[in-house]
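Pulled from TrEMBL:
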| type | residues | note |
| --- | --- | --- |
| TRANSMEM | 54-75 | transmembrane segment |
| TRANSMEM | 95-118 | transmembrane segment |
| TRANSMEM | 184-204 | transmembrane segment |
| REPEAT | 855-887 | repeat 'ANK' |
| REPEAT | 888-920 | repeat 'ANK' |
| REPEAT | 921-953 | repeat 'ANK' |
| REPEAT | 954-986 | repeat 'ANK' |
Amino acid sequence: MDCWKTGTLRDALQQGAWASRDGSWDFHDKEDFLPELEIPNLSLNKGIVRRSQAWFYCAAIAGFVLQIGVLAYSALTVFIYPGRFQKDGEPVEDYAFPLFFIGTICLCTGMFLCAFIIERSSKEFYFHPVKPSKIYWLQPGGQNVGDQVFDSFLAVNEGRSSQPTEGLRYIKSIRDHTFQDNPYILILTIAFTLVGFVAQFVGLRGLHSSVTLAQMGSTLVMAIVRTCLRTKRISSKENRLSKQEQRLTSYKNQELDCFAFHLEKVKSFSLVSVTARGSSSYQPSLSSNASTTNSVQLNGLGATLIQTRAQLAALISDTGQLRDMGWDNLPIRQMARSLAQALEMTMDLLSAWQEALDTLDGFDLALVCQSHQKSIAPVVENYRIGLEKTDDTLHWRVTEQELEAVLGLWTWSLLSSANGSNWLRNGLGRLVGLDESEARAEDTDLYFHKWMFRQTEARMVSSKMISFPQEMFGFYSNEFPNEKDILVVETKNNLETMAAQDIYIHFLKSVLRNLEALGGDVNVLPGYQNRLYAYSSRLEELVNCVESSGLGSREDALFCIVPIMKRYGLLPELDGNSGVVQDRIEGLIASKNWTDAFSTIRWLCECCEEAEFEYSLFELGYLCRRAMLQLDPNLQREGFEQACLAIAADPRANYFEKLGSTRSTGWMNTTKRLECWKEMSHQLGWVVWHTVQRHSNNQSMKDTLASLGISDNCVSMANGLNDEEQKRRATQAALHWLTNSDEKLFNRDLLGIDDRLALDWVCQDGHHALMHWLIARWVEFDKRCPGAIYNIILWVVEGRYKSAFTSLRRRGANMDAQNATTGSTVLMDKIMESDEQAVEELLGAGADIDGRHANGATPLMAACHAGDVGMVSLLLSKGATVNTQNADGFSPLICSILENHVAVARALFDHGADPNMSNFGASTPLMRAAADDRVEMVELLLSRGADVDMQTQDGDTALMLAARNECTEVTRLLLKHGADINKRMLGGKTALEWAQKAYETEAFKLLEAASVKYS
C-alpha cells in the first residue's frame, strides 16, 4: 500500500513534498515568515473564485477612460461651452478647472502609491506539489466575526476520481517588510493624497454641478465594477460536510473527528468491552513525534483512523506563534486532558503500591471500525495506548493526542448513528458491572450497596438500553417500561465524559490485573442519610485520582473502579466477623449503643454475598444471643426482637423489597440464599427458645417463636453420634455454652469430653451457625483461661473439620497455642505423628511454620529429630526457617545429626543449611557427627563446606573429639580433608595427646603417622 502523510503547508515544505513554482521560496531563509504559514488564505485559494486576469485589465482600462472622460468633460464646460455651463448665472471661477485637474492627478497618483505600498507589503508565492497531494481546508463552526456566524466548512482540491495529483496550486500571501524602514514614500503618498483630495474638492465646488455628478457617477461605476470582480464565491456544494454533519459538529465542535472519518472513508468506530483474540494489533511508539508522520501502513483500519485523528490533533495543537489558532477549547480535548491526567495519576499511585508495575508499557483497547467500502469486513482490533515512566521526574505520561483521537472518534460515531440525538442528553446511565452478565447478577447489586452506593440508587431497566459489548453506558428510553433486566445508575454526565470513563475502565482492567493485593485500611463509615458504606483507604486514593482530574464525581469513580476490583478479587474482605467490624461492635456495646451495633450487622447482612453473608448472619445471631443474656430487660427485649426479625425473613430480601418497582419480581429470592438463611434462622431460633426459659414472660416469647416455626426440636439432634447418651450430652454442652452468661462459664474447669461431643455434633451435622458460635465462646474463654484453645484445635484437626478451621482463623484464635502440660503445639504433635494432611490443614489455617515449643524448638526441628524426610521436605517447601536454634542452641541440622538422619541433613543442605552453625559457642554440626562416629554424616558435612578446624570455646576440634572417642574412620576422614593435628585446646593438649591412652588405638596410630609426616 502507498504511504501518505498528513500535515500543514509548513510540513510539506520542510519535507520537500511541495515547492514554490519559480523556486523563489527558500524555506530556511524565511524563518521570520513561518508563523504566517498557518494562515490559510481562503480568499486567495478557495473562498472566492478567482476571475481571469483579462477582467482586471478591462476594469483598469474602464477606470482610466472614465476618469479621463470626466477631466475632458470639465475642460469642455470651461473652455468650449463656458456660456452653457455657468455657475449661478456667471462663468466659473478661473481657479476651478486648474485645481480640479491638478487635484485629480494628485489624488490618482496618491491612490496609485497607496495601492503600490499595499501590494508591495505582501508577497504572493505560488506553490505546487512535488509529490501527488490533496489540499484540505477545515473550518470549525460557531465562529462569530462581527455580526456574522461561520459554520463548519470542509473543502478539498484534488485530482480526478478524488485521487492525489501534482496539478494543484496553492497561493500563500506573506508580509513583505520592504517599506518598513523607508517612511519617505509613505509621507509622499499621504501628501499627494491629501493635496489631491483638497484641490479636487475645491475645484469641484467652483465648476458646474454636472462635473460633480460626472465625477460621482464614474466613482460609482468603478465601485460596481470592482465589486463584480469579487462576487463569484464558491458554491455551497463545495462544502464536503453534509447538513447533518454540520449540525452534529456544532454540538461538540467535532470537525476533526468528522474530517478523520472522511479521510479514511469510515462509517463507524467503537470500543468493545471484550479482549480481541487473534485480531490485528498496533502499538505506536510513545516517544515518536506524532506531528511528523501518519502512515496508513498499519495493520487495521481502526489503528489507521486513530493515528490520522491523533495527527490532526497534533497539527492544531502546534501552531507556532499563533496560539489563538489552537483549538484548545474543544470539549473532546478538555475531556481527553482530564482522562490523561487521571491515567497518569493512577499509574503514579499504583507504582507506589507495587514496584512490579514499573515494567508496564501500555494498555490495550479492543475496537471495531467499519468502512464505507463494503468489500472491507469489520474486525476486532487491539490498539495499544503507550504508557511511559519518565527518567527525569519518575512520573508516568501518556500520549494525550491518542486519547483525544479515540475519545473523539468514538463519540462522533455515536452522535452520527441512527440514535445520535439521544446521546446529547445529560443524565446518561452507567452499567453496574463490567458486562451484561454482571449487570444481571444479584451479587452485583449486593456489592453495589456495600462499596459504591452513596446517594444515587441503581435501578433495573431493559437490556436494550445499552449496546453490548460496545458501551457500558446508554440513554434512558420509555420504549420498554416493563422490562427489568440489568442494573443501571443514572449519572449527570454527558457523552464525552461517559466515553472517557469507559476508556479509564479499559485501562484499569489492564493494570489492576497485575496488582497482587489492594492493602490499606478497611472500615465501615456512616454516609448519606446515616446509611453505612464500606471504606478502603486504597480505594479512596484511586477515587481521588478520578475526581481531582475532572473525569467524574466520586460516585462515578466508584462505578468505574469497584467492579474491576471485584472481578480480580481485590476488594477487601469485610463482613460481620472481620476484625474492624468486631472492634466497631465492641466499641458500640461498650458505649451502650446496641441499636447501632445491630444496625451495623444488619447492614452487612443486607449487602454481603456468599461466605461474607454467612458470617454476617452468624454474627447477627451471636449479637442477638449476647443481648438476650444481658441483665437489662430493655436489652433483652431488643435482642429478642432482633432475633425474631432475623428468623422471620432473609435480611437481604427485606431490604430489596423496600426498593419496590426499581427491581424485578423475585429479586434476591434464590433458593441457595434462602437455604443459607433458613439454616441459620432455625439454629438461632433453637438457641433463643432455650434462652427464654429463664424469662418471666417466656410463654409469650415461645408463642412468638412458634409462630415463626421455631420449637424445641427445630435443629436435628446429633445424627452423627451413635449413642443416645452422647447425643444428650452433646446438645446439653452446646446449650450450656450458648445460653449462659460469661460469669457462669468462666468459673468452670477446662474443656472436657462433653465439649468434644458438642463440636463433633455441630460439625458432623452441618450446623455451621452453632459451630461458629461455640468456637466464638471458646476463643473468648481461652482469653480468660489460657490453654483451652489447644484442645479445640486438636479436636478440629482430628475431626478434619475444615469449616471449623475457618471459624478459628476468622475469630483470631492462636493456632500455635501450646499444650499446658507438654509445651508442644498441635502442629508439632501432628508432625511427630507423621500426619501430613493435618500438617497441611494447620498451615493453611494460619499455624506458624516456625511456631515454637516451650523449649524453643520449631516444627522443622521436630521433623528432623523424627527423621521424616517427607515431612521435612513439606515444611521446607512451605518456607520453614532452616538456620534457627532452640533454647539449647540446637539447629534442625544438629537434630538430624543426633539421630544420624543423613537424608534429612541432605534435604536441609539443599535449602541452605549452615554447616558451621554452633550451639552458642559449643560444638558445631561436624563436631557432633565426629564425636558420635557418624562417618557418612561427617563426609556429607565436609562436602557441604564444614570447617574442619573450627574450635569450641574450650578449643576442641572435630579431630580431637573423634580421636578421644576412638572414631578411627572419622579420624582418617578428617585427616584426609586437612585437619590440623597441631591445634591445641585451652589446656594445651593436641589431638594426639587426647588420643593417647593406656592401650594403643587405631586413631592414635593415624594421628602419630600424620604427626611424623607433618614433621
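Keep in mind that glycine also has a Cβ here, set from the backbone N, Cα and C atoms.
Note that this is a predicted model, so its numbers are computed, not measured.
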Within-chain partners of the transmembrane segment (184-204) [C-beta distance under 8 Å, separation at least 6 from its ends]: 95-111, 113-114, 117, 211-212, 215
Could you put numbers on the helix, strand and coil content of the repeat 'ANK' (855-887), residue by residue per DSSP? 17 helix, 0 strand, 16 coil
Sequence-distant contacts of the transmembrane segment (54-75), meaning Cβ under 8 Å and at least 6 residues beyond its ends, amount to 97, 100-101, 104, 108, 207, 210-211, 214-215, 218, 221-222, 225-226, 229
Per DSSP, how many helix, strand and coil residues does the repeat 'ANK' (888-920) have? 16 helix, 0 strand, 17 coil
Beyond the flanks of the repeat 'ANK' (855-887) by at least 6 residues, Cβ under 8 Å: 823, 825, 827-828, 831-832, 834, 836, 839-840, 843, 849, 893, 895-896, 898-899, 901, 903-904, 907-908, 911-914, 917, 919-920
Please give the sequence-distant neighbours of the transmembrane segment (95-118): residues at least 6 beyond its ends with Cβ less than 8 Å from one of its Cβ atoms. 67, 70-71, 74-75, 78-79, 179, 185-186, 188-207, 211
